[in-house]
Amino acid sequence: MELEVPDEAESAEAGAVPSEAAWAAESGAAAGLAQKKAAPTEVLSMTAQPGPGHGKKLGHRGVDASGETTYKKTTSSTLKGAIQLGIGYTVGHLSSKPERDVLMQDFYVVESIFFPSEGSNLTPAHHFQDFRFKTYAPVAFRYFRELFGIRPDDYLYSLCNEPLIELSNPGASGSLFYVTSDDEFIIKTVMHKEAEFLQKLLPGYYMNLNQNPRTLLPKFYGLYCVQSGGKNIRVVVMNNILPRVVKMHLKFDLKGSTYKRRASKKEKEKSFPTYKDLDFMQDMPEGLLLDADTFSALVKTLQRDCLVLESFKIMDYSLLLGVHNIDQHERERQAQGAQSTSDEKRPVGQKALYSTAMESIQGGAARGEAIESDDTMGGIPAVNGRGERLLLHIGIIDILQSYRFIKKLEHTWKALVHDGDTVSVHRPSFYAERFFKFMSNTVFRKNSSLKSSPSKKGRGGALLAVKPLGPTAAFSASQIPSEREEAQYDLRGARSYPTLEDEGRPDLLPCTPPSFEEATTASIATTLSSTSLSIPERSPSETSEQPRYRRRTQSSGQDGRPQEEPPAEEDLQQITVQVEPACSVEIVVPKEEDAGVEASPAGASAAVEVETASQASDEEGAPASQASDEEDAPATDIYFPTDERSWVYSPLHYSAQAPPASDGESDT
């Protein structure tokens, strides 16, 4: 473990730097490092950079005299070769070490290896200038990669087997972006402060991923540094949000603010511009319409992520939104005379779990099961106001911005000139609230006319059956989430929702708790599991697949034959459920037949006396006595459907009468 000192290049460009001619002479060795010829796409991406304004700099990114992109005076091809050589050695060396649990000191370890140009006993010879390669928290990042199902050989194959592809439209941050040839990973150069902040973030990031792997936050797979000629170039490996094989017709960078949140004229002239908040509100006033289940899962994931970012005091992050218009894509293909998609490049199955937008909110790739991605291509199905079918690719980006002194000063200065609530930079708590409200009310909206249909493998919500809307169809105000609906998305901790490791189908959406004291309901469902009680929502006649935590317990055998009469002491059971204002739940099951029914005078607790179905099958006039018992119960949580000999528990059933036989649903 070593303590890293910031290099002088972070504050000044001058220093002991090799000449650009020397670096340019060495730049052709990057492909030789990977022992492959440069792919045509890579050549195009690099030759597309130079233009009339070559030599201009944006941050540390620039263009040299030959037209090649540079970063801190280092050519892009040289940087790519050094990254591939360093990652190839460090990951291979780490895989030879036995696996173990992650310790606290593992988050602060920095391993360093020197790569002389002539080679050494540990490193191969290369055509670059001598450089040192640093790996931050190698054991911790190895755990993160394993958590997302990335094997070391797949990681090395994606990063080192093929040349990296430079993105021609990196954005205004001054960073360089590389994407692997299989669209799996993104490599981004980061500043010293961002790398330092990520190191401090790792323990909390580790805890958050353990509790909730379904997240829209960036998936960090590695943090490295190339040190050469007095320059430190730090890079981070992340998941790729926007796959290149899927054509994105629109791309948005959304923050929830309005001050200077419109794409500039220069940005709009690009072949693939990035629009902002005001552009979205102008072009899509109806928002993006999702079916109810997908909307609920997405909103919960967003709120959970906002809470995590707020706890880390992170602000100024964005939601990167890529929109693939299915109908427009089909029209474009028909205009080109294409009759089928057999000749088109189809997206291959990604190696990382939870890597696509749909998996991030549903966790559909758990337990090694492959998702049918031919139809959705990993995107979230939606429609726009014109009824066109869309696939959304989303993710939260730029989370390495903490609310430090400089950001506080920036917000204070902007607030003096403009409305402080409209500027981008703001305190983390306000920023998270504004970000979430904008996404859940303006960008994404619930449309009840959209229904989820299972795919070939029975994955609920994987495909979308869209009911076309007319071009003049107005957006109903009832589709906008109300305050009561928004309150239902309040977080109760990651473990309050079904996890992917639980028993049952792993692809089901998280169940939305009832509005009756969500924490109390979750506690009741957990506590009553030992007594075979659980919260139902739909009867088996309505659907053949019951969500987890929603079951019905039959007191008689499935074959319809009456059971033997149990002893008299077990015939009569009394279940007392007391719900106090403090959300405490007590369950008492006395064995005595003469136990009384307790009831709170304030009405905060409810008691009911239940006779088992085995006793009712032996007594004459059982339906009549059962109906009279239900009439005596003032506020029952347990009722008896008249069509079947079974009891159903519902925490929101306050009616003294059982529901009609034709309904078959609880009043949840």
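Using N, Cα and C of the backbone, Cβ positions are placed for all residues, glycine too.
Taken from Swiss-Prot, the feature compositional bias 'Low complexity' applies to 526-535.
Looking only at the domain 'PIPK' (75-443), the predicted model's pLDDT averages out at 85. Per Swiss-Prot, the feature domain 'PIPK' maps to 75-443; the stated evidence is sequence analysis.
Applying an 8 A CB threshold to same-chain residues 6 or more apart, the list for LYS265 (N6-acetyllysine) is empty. Here Swiss-Prot flags LYS265 (among others) as N6-acetyllysine, drawing on experimental evidence.
Cβ neighbours of LYS268 (N6-acetyllysine) (same chain, under 8 Å, six or more residues apart in sequence): none. If you look up Swiss-Prot, you'll see LYS268 (among others) marked as N6-acetyllysine.
Among the features that Swiss-Prot reports, asymmetric dimethylarginine is placed at ARG459.
Look at Swiss-Prot and you will find ARG459 tagged as omega-N-methylarginine, backed by similarity to another entry.
Per Swiss-Prot, the feature phosphoserine maps to SER555 (among others).
The phosphotyrosine feature in Swiss-Prot is assigned to TYR639 (among others).
Sequence annotations record features per position, and here Swiss-Prot assigns phosphotyrosine to TYR649 (among others) based on experimental evidence.
Annotation comment: Swiss-Prot describes SER650 (among others) as phosphoserine.
Marked as phosphoserine by Swiss-Prot: SER662 (among others).
Positions annotated as phosphoserine by Swiss-Prot: SER666 (among others).
Annotation comment: Swiss-Prot describes THR668 as phosphothreonine, evidence class similarity to another entry.
Under the heading region 'Disordered', Swiss-Prot lists 45-67 (among others).
Feature annotation from Swiss-Prot assigns region 'Disordered' to 526-578 (among others).
Look at Swiss-Prot and you will find 593-642 (among others) tagged as region 'Disordered'.
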